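Asks: Dumping the structure here so I can ask a few things about it.
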Amino acid sequence: MYGAEKPSGDSERTAFRRAEKKYKLYYDDRSLKSSRKKKQAKPVDVSDVIDFKAIAAAHERGGELPVGVAAAPCGFRRPMFCLEGRPGFYFIPGALSLEEQCQWMRESLLSFPQPPNRTNHNAIYGPLQDLFAAAKERKVLVKDESDGDHPTWKFVDEAEVPLRGNGCTSCPASALLRKLRWSTLGLQFDWSQRNYDVSLPHNKIPDALCQLAKRLATPAMPQGEEFRPEAAIVNYFASGDTLGGHLDDMEADWSKPIVSMSLGCKAIFLLGGKTRQDDPIAMFLRSGDVLLMAGEARECFHGVPRIFTDEDSAEITPLELHFSNQDDCFLQEYLRSSRININIRQVF
C-alpha cells in the first residue's frame, strides 16, 4: 500500500514516472525570482486527459462514447463508465450529491482525525485532539515537559506562548492542519509494518459512510456478495501535493473493490498497468466523483500527480457557496486550496 515510486535513474525512464512529471505542478521561473509577483503555474497540456463529466453529459444526450470507454450498468442516478484494457475499474462521475460532499468533507476534517484514529502526526506528536478546532481558534501546539520523563504536546492559546519562554517548542495548529496528510478509520493500518494491526484501538467507520460505501461498491462486487467496509484511509492534499504511483495490495481479497470518493479541488488521476512501464491513462477527478477498483484493477499502479487550486480550474464553486456562512468560513478557506480523498476497503 502506498509503495510510492522513488525517483532514480531507472524510475525516471518509466512510463508512469514520465506521466507524473508531465502533469506535476511547476512554477514559472520568472515568477519565482520576483518577490513582488504571485507565483505563476506553468501551463500544462491536458488534451489527453479523459473528462468523464463531459463524457457523461454527451452520453445522456445520446452522443457516442470515446474509443476505449464503455458505459456499464449500475442502477445509480448517474451513469458509470469502464475502460478497455482495465477490467475491474469503474468511474462514476458526480456520484455524490452536494450535501454528501459537504457532509464527508466536514467529517474528514472535524471527526476522522480524532484519536484513537491515527494520523501522520502521531509519529511526532502523539494523538492530537480537535486539530481543526485548534487551527480555527489560532491555537498553538506546545511541548509540555512538566513530566520530564514523559513530555506531552497540547494546544494552548496563542497569547500563552511568550509566557513559556524562548526555549518553548511550539507549532501553530494551522500549520499542522496544512501538514495533515492522512488519517485512518476502522481497522488501523500500521505504516511501519505495512499491515493492518487489529490490536490498535480505533473508532468504527460511521454507519452512514458504511451504507454509502456498500451502495457504491455494488456494481463491482462478485454476484451475491455484499461489501463489508472495515477500514478507510483519508488522504489530504494541498497545492503542489502528489500521491506517487503505488498499489493498494494489503487487503486479503482483491476481488472486493476499493471505494474511492473525491472531495474538494479537481485533480488528475493516473491509472497505469501492472508494471510502471505501462503507459498510464490520465483522467480528471472532481468533487463528488467515485472510483471503484476491483479484481485486475487492484493490480494496476495508480497515483495523483496534480491538484488544481486556481479559481478557474478547481471547480468547487457549489461547495464554496455551501460553506459561505460565518461559522464555516475557516472550512471554506481550507477547501479553496485542498482536496480530500476517502478510500474504503474490505480488509478480510
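Glycine residues also receive a Cβ, built from the backbone N, Cα and C atoms like all the rest.
Note: TrEMBL annotation is automatic and uncurated.
Per TrEMBL, the feature Fe cation binding site maps to His246, Asp248, His302. The domain 'Fe2OG dioxygenase' annotation in TrEMBL covers 228-348.
Distances, neighbours, how buried they are, the whole picture for these features please.
Replies: Take the CB of Asp248 (Fe cation binding site) and look out to 10 A: across all protein chains shown you find 19 other CB atoms.
Predicted-model confidence for the domain 'Fe2OG dioxygenase' (228-348) is 96, expressed as mean pLDDT.
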Asks: Which residues of the same chain, at least 6 positions away in sequence, have a Cβ lying under 8 Å from the Cβ of His302 (Fe cation binding site)?
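Replies: Expected: Gly245, His246, Leu247, Phe269, Leu270, Leu271, Gly272, Pro280, Met293.
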Asks: Treating G and I as helix alongside H, and B as strand alongside E, what does DSSP give for the domain 'Fe2OG dioxygenase' (228-348) in helix, strand and coil?
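Replies: Going through the domain 'Fe2OG dioxygenase' (228-348) residue by residue, I get 25 helix, 47 strand, 49 coil.
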